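I have placed the structure first, in the form of structure tokens, so that the comments after it can refer back to it.
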Protein chains: 2
Amino acid sequence: MSITAPRGFRAAGVVAGLKDSGSRDLALVVNDGPSRAAAGVFTRNRVKAAPVLWSEQVLKGGRVHAVVLNSGGANACTGAPGFQDTHATAERVAEVLGDSAGEVAVCSTGLIGERLPMDALLPGIGKAAAELSRGDGGLAAADAIRTTDTVGKISFRHGAGGYMIGAMAKGAGMLAPSLATMLCVITTDADLPAAALDRALRSATALTLDRLDADGCMSTNDTVLLMASAAAGVVPDEDEFTALLTDVCADLTRQLLVDAEGASKAIAIEVVGAAADADAVAVGRSIARNNLLKCAIHGEDPNWGRVLSAVGTTDAVFDPDQLNVAINGVWVCRNGSSGDDRDKVDLRPRDVTITVDLSAGPHSATVWTTDLTADYVHENSAYST
Amino acid sequence: MSITAPRGFRAAGVVAGLKDSGSRDLALVVNDGPSRAAAGVFTRNRVKAAPVLWSEQVLKGGRVHAVVLNSGGANACTGAPGFQDTHATAERVAEVLGDSAGEVAVCSTGLIGERLPMDALLPGIGKAAAELSRGDGGLAAADAIRTTDTVGKISFRHGAGGYMIGAMAKGAGMLAPSLATMLCVITTDADLPAAALDRALRSATALTLDRLDADGCMSTNDTVLLMASAAAGVVPDEDEFTALLTDVCADLTRQLLVDAEGASKAIAIEVVGAAADADAVAVGRSIARNNLLKCAIHGEDPNWGRVLSAVGTTDAVFDPDQLNVAINGVWVCRNGSSGDDRDKVDLRPRDVTITVDLSAGPHSATVWTTDLTADYVHENSAYST
């Protein structure tokens, strides 16, 4: 299921030999149409990997026939030769599909700064093409894009009138605004033009994947693609489609959050009473990136002072003497100083909710993050060695 | 020595009983004149501790007779009662000195959100006043302001014509722009008016203490005070004084850096080839706050890709294909992709230098940070419990 739940899509996940582990490392997703309408959102990092530079150009045409994704190497910071590798990858996919490379998107994930082993990757494309299927292909593809993800992430939903949305994602570290080291492919058999898909995707990701900020680090490779086959013959209401897509993206966000590298807590930061949505998001992000607070939550210490310290670094509208903070429902800070008994806060569950009331207006936003743990340090100290 | 190296200053550090450990926790520094000219820089956090709000007002007058500093509690996020505690503290100092509270600065450091035990603090002031001295007082004061600092930080320098600058500082975590949880008192027996002291202090801290960014967290209590007694009867050249003050602040910065909580590496990030100083600082800070890079350095992994990822999140002027990165002198990244052999990088020493050449202009800046370690997580998970 997952990306092959909607009609018109086939997928495969194979071992091309990019990973030393011998695990699956190459995925191919093909849209058999009749439509090839597509949209994409990409990292805002100015240092963009070769596949991002390539796929941004492809998506400008609003059509994607296939996307090829590899783990085992990000193909970022590899210069002109790296871009040629991406180009060659797209050409090989086009060749096996009997099409032009101009509608082939490419995604890569893994270590930055190293060339991909093209002598393994290119033959892997033929192998993947031979295994394309609607059955197991979707799950194999989700498995093939994993790096440090402990599980594959998939989701699907049924829409009104008989269409579906399916999705797969990877991303377990470097989750930050502008999408995190995240590769995500979303498919639908609904019939919508590229412009509508683009609006829906930007709206959905802005509220979900873009508000997941595990460690504040922005990746060079983040890509979220949405492909529509129109095979269900259903033209959905755009608002209803956007809501369903947002639901799928929220589901993926949750899966990415709970599988973030080395985390022991999944933290939702709900900012309410903001003068503007942007204020709420800025405050949420500032809290999400505060290492001291993230350590405190790891230690199950309801240290609301560190929340206020983080709020104070933003430009949001607030009066320090009117800030309120609840941790797991206990209002430990009222009017900028000590509130209810902090000993009432139970921080033993994995899920933690920090609510900040700015007392400045009607707007709100939720940002998700994780705690900071010794496991995170360990995993990221040893990644490339 | 330290703050009592310059003539005209007496100091004391005593056990008032604020800390459970029974260590020194209250310091008093008195300027016996003839001048009381003073300047201060404070945290830019909008959530400011009561002593910061108080001392900002005192410094507006450009004169400080005495400063009282306590560890064992930040008196931040304590509302109007906390401000009254600060006021009462200043009044008690004024009383023992036979002066007005309007020229008494107050600094506090420790846990946020709790009231200070005034029944211990106020008697401690009398005790400190009784122990004021030029001899051991300076060292005792530097000892009394420690929190998680493993050692007291002091510095002094001789200026041309016979004046001196002395200093003490504390701050081992939460070191970030706008000064970090840092309390710093600098004294001089030179004769300069408050306006000149203010210019010199802003210039010196902007290049030193303000560029130390251990964990990206901005404190509610940061304060750097500069007090001039004029007791040496020397009117120094302002530029020469600023240079000497910068040297003292650089020395303190270095001491704070090597004693940062849980760190195993002291990292200097030198950004060169920038189109503007602000670009160089922004890039340096972005790198200093990149948790993934800080973990890599901890693991002695010269992961230059994470450096480029951090550069890419800034608005600085650069072309991704013209970025160069050296780690401990080895140019592992040239023109945005792999450069010299990364195996040549020796990351075993505690001191690490990361040089980033933006190839965009003649400006440069250095920002200092630490690695991210399991010890940091441990120390900050258990701080308030």
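Cβ coordinates come from backbone N, Cα and C, glycine included.
According to TrEMBL, the protein has these features:
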type: BINDING; residues: B:Thr147, B:Lys170, B:Thr181, B:Glu261, B:Asn380, B:Thr385; note: substrate binding site
type: ACT_SITE; residues: B:Thr181; note: active site, nucleophile
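Features per TrEMBL, on structure.
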residue  : record                 : CB count, 10 Å
B:Thr147 : substrate binding site : 22
B:Lys170 : substrate binding site : 28
B:Glu261 : substrate binding site : 25
B:Asn380 : substrate binding site : 28
Proximal to chain A - binding-site residues among B:Thr147, B:Lys170, B:Glu261, B:Asn380, CB under 8 Å: B:Asn380
